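Enquirer: Taken from TrEMBL, the feature active site, acyl-thioester intermediate covers Cys92. Per TrEMBL, the feature active site, proton acceptor maps to His383, Cys418. According to TrEMBL, the feature domain 'Thiolase N-terminal' maps to 8-275. Summarising the annotation, TrEMBL assigns domain 'Thiolase C-terminal' to 303-430.
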Amino acid sequence: MIDTPRRVAVLGGNRTPFARANTAYRTASNHDLLTAALDGLVARFGLAGERLGQVTAGAVLKHSRDFNLTRETVLSTSLDPSTPASDVQMACATGLEATITIANKIALGQIDVGVSGGSDTTSDAPIAVSEGLRRLLLNLGAAKTVPQQLRAIAGFRPQHLAPLTPSVAEPRTGLSMGQHMARTAEHWKLTREAQDEVAAASHRNLAAAYERGFFDDLITPYLGLAKDNTLRPDSTVDKLAKLKTVFGDPTTATMTAGNSTPLTDGASAVLLAEETWAADHGIAALAWLIDAETAAVDFVHGAEGLLMAPVHAVPRLLARNDLSLADFDIVEIHEAFAATVLATLGAWESEEYCRQELGLSSALGSVDRSKLNVNGSSLATGHPFAATGGRIVASAAKQLAQLKAADGGPKRALISVCAAGGQGAAMILEA
């Protein structure tokens, strides 16, 4: 019998460089991108011919042909074809949820090694026929006689030819994520300058990380791209201040294209394993996945903001592990918008909010800004929805390993990722 739970090691990761929509990857599909990320991971860790316990990944924007995306991706790589695969989807937290899925299977002793991942491309977004044309075609396909076929065809109307593109609005509110975030930014009285400072820091930190070679063993070039083409190394608060606002009331709006993530294409993959498997394969753990938590908020009927679920997930995660925000050496907060980061930090620092909304006896605490998104985050890298979680896990694990190597002491990382639908996920890594 296997003693559980077992420790789960984060051995490393790989991703494609991320690309602004309709640029370098405009002809690449989710399958192409995820295959590139997984191929790079297989090559980096010598996994060709290996049968892994499972590969779990997902995409937010999927064509009907992607119904078995991850399994088809596995079959396109040099992994043993007997490696099982599954799809998962949790909007922008898909990559983190995929990692949680694989980690739980390893911890329970069901598998010894697995890969989590995610892919998204807005350049190849699924465009469907109209509901009227879809229904007509179904009726035509079901018709068994010529008169039935003619009746089905007679129902055609010119407006049926109008295509349906993916909606950026929340189905239950009709508002886009940016519009929702603008409401949250106004509620927390977030200034334009503070948001631009977060954005400029993200680009500055990402540029510095590339300069020192941090991503050399985390990224595989793809289709001629060697680094994220969303990166603006010369970004400054002064330059960002010149951009027009794009969300919210024009008279009070603070959000711009510069302090919001761009539509992005890309994919990522993370290798996780039980420690004996890792030792047998000569692969050192970068970090250990300690725990994770998911959460959801009622953004439809309640007063909570759409992207505030991680604010609720983190206190529960910390309480379960008897930790505080001060116990972390790095903190990764997904930068869906600069306002998301600031609202999250503000909520944790607010005693009133923490008492009323989180049920705490006091404020959760503050995050040392020098420990926040130290290698850049989504405002600079871009945000291919399902790929972001894997990017963050791999980068955080490597950063922890480097910090531990520098002084030998134990190190911790806190990860927070918001998602559409009022959901979110959080995770703790240790090295």
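Backbone N, Cα and C define each Cβ position, glycine as well.
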Enquirer: Sorry to bug you, but what's the C-alpha spacing from Cys92 (active site, acyl-thioester intermediate) to Cys418 (active site, proton acceptor), rounded to the closest Å?
Expert: 7
Enquirer: Are there any residues at least 6 positions away along the chain from His383 (active site, proton acceptor) with a Cβ closer than 8 Å to its Cβ? List them or say none.
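Expert: The list for His383 (active site, proton acceptor) reads Phe18, Cys92, Thr261, Pro262, Thr264, His334, Glu335, Ala336, given in order along the sequence.
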Enquirer: In three-state terms from DSSP, label His383 (active site, proton acceptor) for me.
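Expert: Assignment for His383 (active site, proton acceptor) reads coil.
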Enquirer: Under the DSSP assignment, what numbers of helix, strand and coil residues are found in the domain 'Thiolase C-terminal' (303-430)?
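Expert: Each residue of the domain 'Thiolase C-terminal' (303-430) counted once, the result is 66 helix, 22 strand, 40 coil.
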Enquirer: Near the Cβ of Cys92 (active site, acyl-thioester intermediate), how many other Cβ atoms are there if near means within 10 Å?
Expert: 30
Enquirer: Which of the three DSSP-derived classes (helix, strand, coil) applies to Cys92 (active site, acyl-thioester intermediate)?
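Expert: Note: Cys92 (active site, acyl-thioester intermediate) is in a strand by DSSP.
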Enquirer: Mean pLDDT for the domain 'Thiolase N-terminal' (8-275), as a whole number?
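Expert: The predicted confidence over the domain 'Thiolase N-terminal' (8-275), as a mean pLDDT, is 95.
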Enquirer: For Cys418 (active site, proton acceptor), list the number of other Cβ atoms lying within 10 Å of its Cβ atom.
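Expert: The answer is 32.
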